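Taken from Swiss-Prot, the feature isopentenyl diphosphate binding site applies to 44, 47, 76, 93, supported by similarity to another entry. Per Swiss-Prot, the feature Mg(2+) 2 binding site maps to 83, 87; the stated evidence is similarity to another entry. The feature Mg(2+) 1 binding site is assigned by Swiss-Prot to 83, 87. Annotation source Swiss-Prot lists all-trans-polyprenyl diphosphate binding site at 92, 173, 174, 211, 228, 238.
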């Protein structure tokens, strides 16, 4: 795991440099500070690193994908700022959320300006066909993120969400941006159509595994590792693969009990919900689905020539399920 973190640190520095070049001219100073708050707060920077590694894995120069990598991270940060407002989350990456420090109006503006700067980051690479194609990928991912968020919000009022609907939601909300990172990075590296498709699939599959593993950690990890109470997704009534599976498989009595616990905010009942997950194999099922997606992601890399970048992508796929938060 340490080796993967070193890889991410090395490649994220390239993206961070381009990000700071793009946002340094934001005025007034209050908006600049609000905009850079989460960017400088840390995070693993998996998405921009994947863009750079995908470029390198097809024989390109990672620097050629720096604009795309920066754009992907700017879009991710914009989405986090707005998510925190919508969910009224007060902490992010161990720091107070942007809206907590600067208020909601300024936080909305910070998200908006980062969203705008993302496109500036891409077009700084010129107007070649590669840049145009990569820009189209980035634009499409932004639409999907909004669609995914809307689906997620709609699920809060439903108890009949199917597994297919859930997978569509997490693909759009989480995996689409990761797939955009790997696809756009490959395009900037001059990849063949077959390589672009393979790397897009790789990003999609590890993105799906990433979100499912997040849901899984919420019930099997501990508060210290998570940085939040175990089962907080259950207390908040969030729809996860485990909830979908348990509601589908449970007896009428257990189903009604689980429904009464979801979104109740009662942390004392969370353990009971987790027991219901275990009873019907929902927890193990989620873990196995995530494992399958990682396996499929690694298989898609087999068409690439052996290289350090390809090896790093393989390691990152495994890292998705090795992380504890």
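Cβ atoms here come from the backbone N, Cα and C positions, even for glycine.
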- Nearest to residue 47 (isopentenyl diphosphate binding site) in three-dimensional space, by Cα, is which of the binding-site residues 83, 87, 173, 174, 238? 174
- Note on the structure: Largest C-alpha distance in Å for the isopentenyl diphosphate site residues 44, 47, 76, 93, as a whole number, is 16
- What same-chain residues, at least 6 away in sequence, bring their CB to under 8 Å of the CB of residue 83 (Mg(2+) 2 binding site)? 89, 149
- Message: Take the mean position of the Cβ atoms of 44, 47, 76, 93, the recorded isopentenyl diphosphate site. Which other residues of that chain put their Cβ within 8 Å of it?
- Response: 43, 45, 46, 73, 77, 80
- Message: For residue 92 (all-trans-polyprenyl diphosphate binding site), which of the three DSSP-derived states applies: helix, strand, or coil?
- Response: strand
- Item | Around the Cβ of residue 238 (all-trans-polyprenyl diphosphate binding site), the count of other Cβ atoms that are within 10 Å | 17
- Message: Can you tell me whether DSSP puts residue 44 (isopentenyl diphosphate binding site) in helix, strand or coil?
- Response: coil
- Query: Over all shown protein chains, what is the count of other CB atoms within 10 A of the CB belonging to residue 44 (isopentenyl diphosphate binding site)?
  - Reply: 15
- Query: If one measures from the C-alpha of residue 76 (isopentenyl diphosphate binding site) to the C-alpha of residue 173 (all-trans-polyprenyl diphosphate binding site), what distance in angstrom results, rounded to a whole number?
  - Reply: 10
- Task: May I ask for the distance between residue 173 (all-trans-polyprenyl diphosphate binding site) and residue 87 (Mg(2+) 2 binding site), taken between their Cα atoms and rounded to an integer number of Å?
- Result: 15
- Message: List every residue in the same chain as residue 174 (all-trans-polyprenyl diphosphate binding site), at least 6 positions away in sequence, whose Cβ is under 8 Å from its Cβ.
- Response: 148, 207, 208, 210, 211
- List only the single closest residue to residue 44 (isopentenyl diphosphate binding site), chosen from the binding-site residues 87, 92, 238 by CA-CA distance. 92
- Specify the secondary structure state of residue 83 (Mg(2+) 2 binding site) as given by DSSP, simplified to three classes. helix
